């Protein structure tokens, strides 16, 4: 078989037998792999890398009310961190990130606890696969309606004259309505839990299903209590699932501004909201600078997470 | 009489338009043998604006009268400006706020409109041309339309100080905004803007989360408390922005606000559910709360109103048949039917006399003269908006527009203001 004339086809690669032909075949195979990866690579390039590069470039441009001017200025970044080094009161940016981080932490802890418990129950306590599938599907029910509707549904429930307050007052437990139920940190976290828990359930459940059941039997045989088994066997083996779920939840909360806006009564700052306001006022370079800073912050967070768990090895 | 007169007028406009289009097409040599068919080919105008002004009824009526198809592109106010600046080829006619003009005109994407081609140009209410109502000067702080109504030349990006024949925007709707209140929950008269930050309404007040408008409402409050009088609330200095924001931040930290709202429905829900009892609001939102059977008043206040106005502008790239159609559409818009339609929703229209001719006398008396309704006042879709005997909040056109204190605006220190607003939200 003449290798020179052979096109880069898989059959040609597998057909090669001589050592030199083998090297050529490997090369061809590698080239083929690149060709196969190209469609996705192109999509990635055009819809991710190019816009990202543009955002980065624009973040150094100047702007006025109606145009953005190609230049190189650090003013946009200086504006983002205005007053952050002077000490005293926290600057807007730090305050905003702190608030966002707080939601990240609360949302993450809550979704992890609930997500892990639900996944554990479905994976280990439900015996039949059919039932597991049914329960798993039930977890996705909230996704049958839009994000915004799911949030707004909380409003009549939590409002000053909402169901919860009415019920509590009807039972005589409180005299005046609890104001903090709606348009507060509480309602924001509640909405995040409602919206994001499923992103925790799915990867953790997936990890749990891959755990070899004989390991659990072995732990029991070795005299471990249920808690010891959970902590020393199941949790370590679920680490990849927990990490993936955490990345989902954290990035969702970091970039969110709709939930914080609707549930926080627009009174709570979020980085996304700052960017949105700047975009609305045609301050694209300022918005780009904020976006770059946000991207950096998220990457640091993800970096720290992957330091804790080596995802590629675990998978 | 009037009912038969209007259609005939518009039909004539149609013929003129069609004739002009045919002539133009013939002149430019586009025609290849079927002039009549090409001339009669329906024109579609892509109408960029906010959903508030884009009614299906108007589009249907235009189609009927002029044969022009209106294709609405509904976006929010900020998006209108963004599109005009960044995608000027994506629309054929734009319905924009006057205050955006300071951003839009320097981009050179809009063109001055030829007043000679607008039949009712000289009948446009003096609110726009001179800043007067009933011969009386009204407040002109902020971007008052008269400051940005004329251009120095068709392609000029400079606003003219005195009337010229080049108009930036032909007014579609305008109104005077004030605070909405729940009289059933407040149970006492409200007469001043300062009540918005009155601790009595702690946790039950709201303002809108649109920086350039929210800060002006706050400025109305600051002036009402007597703390400070702004030379121009619509164009503050950095120090004035700081002062105003400080007041807002203190109120926010003290828990004065229940929530901020950003769109029409949010403001309706806050008020109707009783989450708030006093808030900045838009007139149709008050009407909507009332139509749910909840008491809500669009409270006139002694310091006056904050007004706004929107109007039609044309992109520079528009030419030929589409340009003619755009002028035909604008002429139709000013000829009465649309004006009456808008007046019946509580807005005001540009040419009052043609709108009056298209409204029942009792409707005109209620909406424009501030008189008690002789009969039930119905919305364009037939639902009852006000029962017989009701009086419009704030009274007549002259009382309401005459009491305007300032206009929605874009400040010179806009960038700084937006940054401070973000600081306020984060506080």
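Cβ coordinates come from backbone N, Cα and C, glycine included.
These features come from TrEMBL:
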DOMAIN    A:97-305  domain 'ABC transmembrane type-1'
TRANSMEM  A:37-61  transmembrane segment
TRANSMEM  A:105-123  transmembrane segment
TRANSMEM  A:135-157  transmembrane segment
TRANSMEM  A:186-205  transmembrane segment
TRANSMEM  A:242-264  transmembrane segment
TRANSMEM  A:284-305  transmembrane segment
At a threshold of under 8 Å on Cβ distances, which of A:37-61, A:135-157, A:186-205, A:284-305 pairs most often with the transmembrane segment (A:105-123)? A:186-205
I need to check the long-range neighbours of the transmembrane segment (A:186-205): which residues 6 or more away from its ends have a CB within less than 8 Å of a CB in the stretch? 103, 106-107, 110-112, 114-116, 118-119, 122-123, 136, 139-140, 142-143, 147, 150-151, 154, 158, 180, 238, 240-242, 244-246, 248-249, 252-253, 256, 259-260, 262-264, 268
Can you work out which residues elsewhere in the same chain, 6+ from the ends of the transmembrane segment (A:284-305), have a Cβ less than 8 Å from its Cβ atoms? 52, 55-56, 58-63, 68, 76-77, 79-80, 93, 97, 104, 243, 246-247, 250-251, 254-255, 271-272, 274-275, 278
